[in-house]
């Protein structure tokens with residue numbers, strides 16, 4: 001099916017929002033211009049809505065295989081499509097871990113069979129993410145590994161991390177890191193700050209993250225490796241990354257929507273839906289994340305979509321697992337709380353969710369260019385809705401944003417020229 005989207009707006013190559021039509025033919029973007037006509041295409045009048053590149057998320061958890069009670073590739077990618085994401089990068093904390101040929105081939109077969117959007121799987125740095133034996137990077141790359149990470153487990157052994165970075169550099173691949181120094185975690189469940197003190201909870205200090213990033217940056221410099229930092233959350237981490245970039249070290253970084261919108265002062269009670277890792281930090285940390293995003297220290301926004309069951313989250317803040325679901329709320333949360341409040345522009349938000357992650361990792365995604373694969377999301381910037389987890393397509397309903405009123409909701413997502421998801425009656 002060919003589609004002609006009429007009367008839309010998009011961000012052009014100069015970074016300006018302008019009026020446009022867009023023609024999709026044979027799965028590709030055939031033309032982006034005003035006043036397009038086509039005889040062999042279904043015409044869809046988007047009536048002034050935003051035509052954006054499909055969103056790109058380099059940090060997601062799909063849970064399959066091994067955690068299908070939390071999420072599946074099918075439900076997770078449907079939720080991604082509903083959130084406007086067309087390319088997502090799946091973390092390897094599955095069971096089994098994609099750490100060898102057999103496990104990666106199985107994962108890729110599942111993705112091919114079940115995914116509604118483009119899914120790029122990470123390969124693990126170490127076997128079973130155990131930190132003691134390096135995986136076969138060459139084989140994992142051959143089988144389509146996006147990059148290498150041990151995800152929710154920081155690689156504690158510096159010699160292992162250095163060896164991994166050297167091998168990744170030879171393959172022109174990135175090493176991606178969840179940064180925690182295990183000896184400083186302190187069995188914490190929230191940030192070490194006012195909230196932990198008030199509620200008598202063990203806290204995770206900010207330096208637990210930043211000291212690990214500092215170590216890895218020096219290792220990356222020694223290995224001449226592209227090193228990407230997951231979900232930056234502290235002022236100290238931003239400072240260390242900024243200094244590294246000024247020194248010419250190949251470091252990039254991401255921040256989550258929840259760390260841009262919330263800080264520890266916003267946690268109303270010991271509610272496990274506010275428990276994520278890294279935890280919500282202090283006001284100064286929150287301000288540093290915004291500053292880092294605006295000055296280029298932080299390169300992109302990634303959701304860290306981490307679904308859990310209601311039963312798991314009901315165990316209380318100390319025992320419940322870390323993480324919140326993120327696909328279906330990311331764009332409206334950011335548009336409402338950053339763009340509408342004048343903190344960043346719409347153009348910047350689009351870049352942080354599309355071309356910045358795509359360019360950082362060399363993906364042919366993130367831009368509406370003629371000849372490229374038609375990965376597109378249509379967004380209604382005017383429609384206001386309340387966040388209601390009962391409407392989520394994700395199995396995970398674990399969100400701290402219940403009842404938040406937001407604008408900027410995706411209404412249609414196109415992947416490879418085919419409609420992957422459409423809001424009922426939105427464009428008829």
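Placement of Cβ uses the backbone N, Cα and C atoms for every residue, glycine included.
The active site annotation in Swiss-Prot covers 304. Per Swiss-Prot, Zn(2+) 1 binding site is recorded for 59, 61, 151, 304. As annotated by Swiss-Prot, substrate binding site applies to 61, 62, 63, 93, 277, 308, 322, 323, with the evidence given as sequence analysis. What Swiss-Prot lists as Zn(2+) 2 binding site is 151, 178, 231.
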DSSP three-state assignment (helix, strand or coil) for residue 59 (Zn(2+) 1 binding site): strand
Residue from 63, 277, 308, 323 whose C-alpha is spatially nearest that of residue 178 (Zn(2+) 2 binding site), among the binding-site residues: 277
Per DSSP, three-state class assigned to residue 308 (substrate binding site): coil
Least Cβ-crowded entry, counting other Cβ within 10 Å, from the recorded positions listed as 61, 304, 322: 322
From 59, 231, 304, the recorded positions whose CA lies within 10 Å of that of residue 323 (substrate binding site): 304
Sequence-distant neighbours of residue 308 (substrate binding site) in its chain (C-beta under 8 A, six or more apart): 70, 320, 321, 323, 396, 398
Neighbour count (Cβ, 10 Å) for residue 59 (Zn(2+) 1 binding site): 27
Rounded Cα-Cα span from residue 277 (substrate binding site) to residue 61 (Zn(2+) 1 binding site), Å: 13
For residue 93 (substrate binding site), the one of 59, 151, 231 that lies nearest, given that the binding-site residues are compared by Cα: 151
Rounded to the nearest Å - Cα separation of residue 277 (substrate binding site) and residue 231 (Zn(2+) 2 binding site): 9
Local Cβ density at residue 62 (substrate binding site) - other Cβ atoms counted within 10 Å: 32
Residue pair residue 231 (Zn(2+) 2 binding site), residue 151 (Zn(2+) 1 binding site) - Cα distance, angstrom, rounded: 11
